């Protein structure tokens, strides 16, 4: 009886102890939650600060980039205007040369008509005395000389026009390259090197046949102007004797390249050119790479052509692109 009363007397203090523990646990949970929220808020504030800092840096960088791009654009526009002015001036010069060529053609036509008339007069006068015949013969010789002079002037004008067209094409390529355009497009089976394309022909040909073969391919026999170009050719001729575009057909000893330029760089074989046996007026490049004058009617198994490389041109520039000059005819 007393034990039961004792046990019932201490029961309430145990319940109060449990309530105190639960309160402490709840307080710890609340403090932990508060600490977690405070940490999360601190992380959010740090992220916001870093993001704002990065956005500011990006904005400053963008402003600098826009400023640089604006300056570059202004410089490009200024250069473009200057280049357009040069192209217009060269086009005007080309038109003037074309007009002069037309005038020379008209003069040549008149000279031909005059010559025809005079030849008819000479035929009618052949029955006259020998003195008149001699005078007429002299007159005929004079007229032939006049016609020859007219043809020479016409050819000189034509050569000048071809050179100008090629210079315009080269200048246009330089303009495109300065704008970042790639000028390295070559026809199939041609090799590119330093803004030109090269074709290494095979088959037995005389020099004149090799020249015509290059012309049929819209090119001409190669003109060599530097040691680098010589080295490039040596890598591809496979040690075969090859025709190149050098000759002195017009005047012995005065060699001229197929592009009309005189000889600057040379790689003659020792003792060459020697015109051995007389009539060695065309130049070949031996398998060793050294040059030798040879008979133009000799047959070689290889020959080298060249032409200017073309450029990758965007649509706005394509409308003003000059045409490639036709290969210059050789004497």
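Quick reminder: no glycine exception, Cβ is built from N, Cα and C everywhere.
From a predicted model like this one, the values you see are computed outputs, not experimental measurements.
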Pick from 252, 254, 272: which one does Swiss-Prot list with 292, 293 for the same Ca(2+) site? 272
For residue 292 (Ca(2+) binding site), which DSSP three-state class applies? strand
Using all protein chains in view, find how many other C-beta atoms are within 10 Å of the C-beta of residue 272 (Ca(2+) binding site). 18
Report the same-chain neighbours of residue 293 (Ca(2+) binding site): residues 6+ apart in sequence with Cβ closer than 8 Å to its Cβ, ordered by sequence. 248, 272, 273, 274, 275, 276, 280, 281, 282, 283, 284
Residue 292 (Ca(2+) binding site) has how many other Cβ neighbours within 10 Å of its own Cβ? 18
